[in-house]
Every structure is written in structure tokens, then in C-alpha cells.
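Everything below concerns the one structure shown next.
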Amino acid sequence: MELRVGNKYRLGRKIGSGSFGDIYLGANIASGEEVAIKLECVKTKHPQLHIESKFYKMMQGGVGIPSIKWCGAEGDYNVMVMELLGPSLEDLFNFCSRKFSLKTVLLLADQMISRIEYIHSKNFIHRDVKPDNFLMGLGKKGNLVYIIDFGLAKKYRDARTHQHIPYRENKNLTGTARYASINTHLGIEQSRRDDLESLGYVLMYFNLGSLPWQGLKAATKRQKYERISEKKMSTPIEVLCKGYPSEFSTYLNFCRSLRFDDKPDYSYLRQLFRNLFHRQGFSYDYVFDWNMLKFGAARNPEDVDRERREHEREERMGQLRGSATRALPPGPPTGATANRLRSAAEPVASTPASRIQPAGNTSPRAISRVDRERKVSMRLHRGAPANVSSSDLTGRQEVSRIPASQTSVPFDHLGK
């Protein structure tokens, strides 16, 4: 018997799950377009899907934001039908033998800064910036980076007056310890600067393959998080970034120098990496390391030029749509839902705060076919689950998962 949603979509196989419900592959009955269908039992104790849909409505209009196809109730379930997305950057990192080339890191950095800037422009901070929460698009949007999972997001300023939330201390650590900012470890209320500092650690994770505070042993989780904090604070930025272009240490030093309520200079940070990209002589061909491993060679110039034009057209359309959505209502409440913690790579459950490679690493390491197939359990691109983090795919339950995503400009070398 064929299961239908909204009398328009066919329900297919299950492709993921979280504590909030299950995610299925679906298809538009008329057009055959593949979609992601999220189901949540109407009797669930802590309904999340309605809150998630509010985030999407608030973020709609930005380039690359997954479009919401349909929302409503179907039988015993709350349902949200949305655009299907591809694998996460953590999945792709594993596919590439846990090392990205400098070119790929810089291409990603540019887009990731823009995603965070967009969230901040909508008056929210993400508070869980990590590779699992960035996904690639599919098809002609396969080179567009999306940001997902607003389960820990918090409103940091009033939408109308832009009054910033007050500075506070003795806060519980919220987020993922591996990428948490030093101020977060110290129990200081998070703000825009912390999302960007976390991104700096993500970029060095992509460069190095792992961070110095990974793999630390401790008797309890609390002690482990304290050891991570101590190691992070005792590792100078210059040591962390040794062997890599100075732009990475400049980025992190800039983020750590920001005051609590400062508005970061996103353009300056993007330009740091764009200038480095130019000096390295890299090409704006949108060929990431996983493309090389998948196809064995770069695409022809006609394909590259076509993709560049598509990106620029998406950008222009997104700017027009975005300007029409600024009056949308604010997102979900930021109480218990936003404060619940998630489990992933060194996840932090509400705890009290208290290999160098030359910079010329410009192409991915070859790996054997067997290794690659083993690592590709994440289903590279086609048919990959939509808006599902790596932890969903490995069966780990998440607390208060509210995936959402937004994007702004892909690596637009003609602007800014």
C-alpha cells in the first residue's frame, strides 16, 4: 500500500532518525522530485517539528536554505516536507581520509563564514558550529554549503531594537566540547564571537585531521571536558596553526579579541582567506577534494563556467528574496529547548563551566578503492539523507534536534 503525505508526496524508506522523530525519503507524486519527509508523533511529550518549521520560515529567502514544501498533520503524525540535502562535511572528511587540501578548506571557510553571518543577521547565534552541522547540496547545488541544526540556537538580540543580551558568567557549557570557544569553557554567556571561534577550530580540524585536545582520557565526562578546556587554553594559537598559512592564526586571534557584544567584521575574515586563495593560485572551479576522489579529475571549463553563473544567479535571487523576509516573526523560544545539549563528537551534556602538514597541501591523498568504499557509508551525494547529522546516521540519539539550514553567498570571487 502506497503511503501518501498531503496527498502530494509518496513516503519512501527511512533514512534517518533523531530524538524528535524519523526522516524518510519521499517523492513528489506528480514530478518525481525527491524530498525529505520528517515525521513526529502528535502525542510526543516534547514536540519539536513546529518549532523547527518556525526557524525555516524565519530563515527562508537566503540562498540555499532548504525550501519547505509542505507542513501539516497526517493521521497520527506532524509532518514537514522539505528539500533533500547531501552529506555533511564530517561525512565528506571521512570520505577524504580525514584530511582536506588547503584549497578545499578555503572554499569551505568562505561559505561557512557567510552562513554564520546570515544566522547572526537574523538575531540568533548557533552555539553548535561543527562539521556535522554543515551539509552540501545535491545536483546543481552540490557545491553549496548549508548549515543545519538549530537545537541549541539562542536569540542574542532584540529583533526590533537590536538590544544585545546581557553579559553573564557561571553558565553551563552548551555545545560540543571539541569546538567550543575558550569563553564558553569559562562559563561566559555565548555571543557572535563564539560561533566564529568555533569555526576557526573546525577549519584547523580540517587542516590537521584532528585537534590537540582530542582523545584525552578521563574518569568522568566532566573531567574530560575540563581536560579539553585546559589543553585548549594551554595551546597557543601559533602552535595550533604551526605549518599552515598565517591567516588561520590571524583569524583565531581576531575572534578571541572580540568583546562580548561586538559585531564581528565578517567581510574582513572572508577577505583574509580570499586573499590567501588568490596568492596560492587556486582556481574558482568549485572542485572539492571529494569531487576529485569521486570523478578522478576536474570538470571541463564549460561545466565550471556554467556552475559559476548558476551560483551568481542564485546569489542575486537570494538577495532579492532575503530582503522580502526581514519582517518575518522571530524564531522559536529559547528556553529549555535551546538549552538542551546534544551528543556527538565529544558532546557536552550540561556540565558546569569552570601532525603538521606543509601549507602547500593542495590536492587530496589517494586512498584505496576498498578504503574509500568503506568510508563512504555516508552515501556520497546522490540519495544522501536530508538534514541528517552523522550522529543520526550512526544511531546516536540527539536531544532537542531542530535541524534547519541557511546559506548566503557561495565562494563569489567577484564580490566583496
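Cβ coordinates are placed from backbone N, Cα and C, and glycine is handled just like the others.
Per Swiss-Prot, these features apply:
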DOMAIN    9-277  domain 'Protein kinase'
BINDING   ILE15, GLY16, SER17, GLY18, SER19, PHE20, GLY21, ASP22, ILE23, LYS38  ATP binding site
ACT_SITE  ASP128  active site, proton acceptor
REGION    301-416  region 'Disordered'
COMPBIAS  301-318  compositional bias 'Basic and acidic residues'
MOD_RES   SER343  phosphoserine
COMPBIAS  351-365  compositional bias 'Polar residues'
MOD_RES   SER354  phosphoserine
MOD_RES   THR362  phosphothreonine
MOD_RES   SER363  phosphoserine
MOD_RES   ARG382  omega-N-methylarginine
MOD_RES   SER389  phosphoserine
MOD_RES   SER405  phosphoserine
MOD_RES   SER408  phosphoserine
C-alpha spacing of ASP128 (active site, proton acceptor) relative to ILE23 (ATP binding site), in angstrom: 21
Local Cβ density at ASP128 (active site, proton acceptor) - other Cβ atoms counted within 10 Å: 25
C-alpha spacing of ASP128 (active site, proton acceptor) relative to ILE15 (ATP binding site), in angstrom: 23
Cα-to-Cα gap, SER17 (ATP binding site) vs the residue listed as 'active site, proton acceptor', nearest whole Å: 19
The residue listed as 'active site, proton acceptor': secondary structure state under DSSP, collapsed to three categories: coil
